[in-house]
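According to Swiss-Prot, the protein carries these features:
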type	residues	note
DOMAIN	1-63	domain 'TGS'
REGION	247-544	region 'Catalytic'
BINDING	Cys344, His395, His521	Zn(2+) binding site
Amino acid sequence: MAQISLTFPDGNARSYDAGVTPAQVAADISTSLAKKAISATVDGKHWDLQWPIATDAQIAIHTMADEAQANELVRHDLAHIMARAVQEIWPATKVTIGPVIENGWYYDFDRAEPFTPEDLGLIEKKMKEIINKREPVTTEVWERTRAIEFYKANNEPYKVELIEAIPGTEPIRMYWHGHWQDLCRGPHLQHTGQVPGDAFKLMSIAGAYWRGDSNRPMLQRIYGVAFTGKEKLKAHLHMLEEAAKRDHRKLGREMDLFHMQEEAPGQIFWHPNGWTIYTTLQDYMRRQQRRGGYVEVNTPQVVDRKLWEASGHWEKYQENMFIVEVDEEHAREKAVNALKPMNCPCHVQIFNQGLKSYRDLPLRMAEFGSCNRYEPSGALHGIMRVRGFTQDDGHIFCAEDQIESETAEFIDFLSMIYKDLGFEKFSVKFSDRPDTRAGSDAVWDKAEAALLSATRAAGIEPELNPGEGAFYGPKLEFVLTDAIGRDWQCGTHQVDFVLPERLDATYIGADGAKHRPVMLHRATLGSFERFIGILIEEHAGKLPFWLAPRQVVVASITSEADDYVREVVAELCAAGVRAEADTRNEKINYKVREHSVGKVPVILAVGHREVEERTVSVRRLGEKQTSVQSLADVTIELGRAATPPDLL
């Protein structure tokens, strides 16, 4: 039999018969590894222990200590185990798909009766029984006809449809544990007993259309979470509890910030308190952008399809655009327009007005651009995922040799903004050239080197995402980690070689000839709406004082203090503090409790003593103790706290 060479991570190589499996390789290394092995990586691909290896390859054997691979396999196996459990309890249930998702998995079922929360406990119990059986997981490749006939005989029409959609060149792979099987690409664990039975939990039930098509059957989706150990599951569930307390939708109601309603799906009704946060943040960003050398512009909301066709968005993005057709007077045909989903083509139009010289570069253009994108109703989520939003959008038109310096400046700019908003640390993902791309390798080499060099010069080692760049250029993504460990991708910095060419942007170089500028798409916050949602959840509603919509409430203890309350409010407002009076005929404890729920940072209580001494009793949000300060001192202190950080 032909021999192949397998090279291990330490550089050592061994010879094996062609067709050897990773399980056999693990057994050749040691009995202990053979028992602990869960999967392999072969030439960069995640590989089942049962799959044969036909040619020379790089190989790594994985155990449960390799968390990325272990999590994927555990969650994948649990999807199968859950589907089996459901069919063992309710045999008439039809199965569809069950992919791994972040922190867990889901599986979609076609069942006549709705699942209930109580059913989740029954399913979990059955799943643990299956795990405890420690049944081997086996796999076979079947001929397409055999697989289709098998599922037809078992009344599984969704599996038949899936098989019929698989390209003819791909194998039809089946997986078993015990009597139960599923159509699956794999890989999977060696046996069900490798799944930690105390490290998973079924979380919720939801509806989902088959293939995401509202014209197809409505299915029932069960979500689960899983990890490689009990403590990790416990930590995750604690994080979810904390996240529920911080949910911006809940806090938005308590703080009277905004609401959504069915007549305007994915659109936000900002209340005065919420709009105060929005405008305060926007004013701060406007000042910082001006200091950063940006010129602010504003572009149309409704733009003819001809521009979107020229930019390429009509072809690639039309399904996410809101189309507007108008019968214009005397026009031979309808005018077809679209609400802009992004600002970049419009910014190129401004750049193209008038002749540009190399001396004009870099030209940094910014817009608080209102955009509209169609998002499926099931994807909408509070103010985090909406259809109408405003980007802190910017485009830098520059020469190729300015990419690195502009990237470095943007990273400094972004770091300052995040620090001011309470995020001291962030990580960066770097996505380089995909297989299909525009531009020469030489230009890509230069752009990729520039982004990497600028990032490392800022003391940041980016996480590499090979091949994940856009076809028109490499990109950086800036990821914030919040107080409970969740990651939020906010800022972006994207090199674009294509749009300037498609929209014929040029400048006159030092040689007197026309040149194409490079376009750098950049955003710091992303969308204002989503970032405000992140801020609310990061701070659990206790926003930095300068951003809080209601900074101070001055509450009377007795009606005889009402005039002094109004005087205190006037003093604070004159010092730049957002202060309001509460002179209602309610007990002071009731007032304090109500305003604390509304996340007012400072409550000043005023009674007879405070009137006589011209003081206030200061209660800060989250603190039980109060202190007494003079009106003059508290006005100076709170006036300074209310000042945005860039104005201190």
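The backbone N, Cα and C atoms fix where each Cβ goes, glycine too.
Structure with Swiss-Prot features highlighted.
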{"residue": "Cys344", "record": "Zn(2+) binding site", "Cβ neighbours (10 Å)": "21"}
{"residue": "His395", "record": "Zn(2+) binding site", "Cβ neighbours (10 Å)": "28"}
{"residue": "His521", "record": "Zn(2+) binding site", "Cβ neighbours (10 Å)": "22"}
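For the Zn(2+) site, the Cβ centre of Cys344, His395, His521 serves as reference, and the other residues of the chain with Cβ at most 8 Å from it are Met342, Asn343, His347, Asp393, Gly394, Gln494, Asp496, Leu499, Met519, Leu520, Arg522. Secondary structure of the domain 'TGS' (1-63) per DSSP (helix as H, G, I; strand as E, B; remaining residues coil): 14 helix, 25 strand, 24 coil.
Note on the domain 'TGS' (1-63): mean pLDDT across this stretch is 94. When secondary structure is read from DSSP and collapsed to three states, His395 (Zn(2+) binding site) falls in the strand class.
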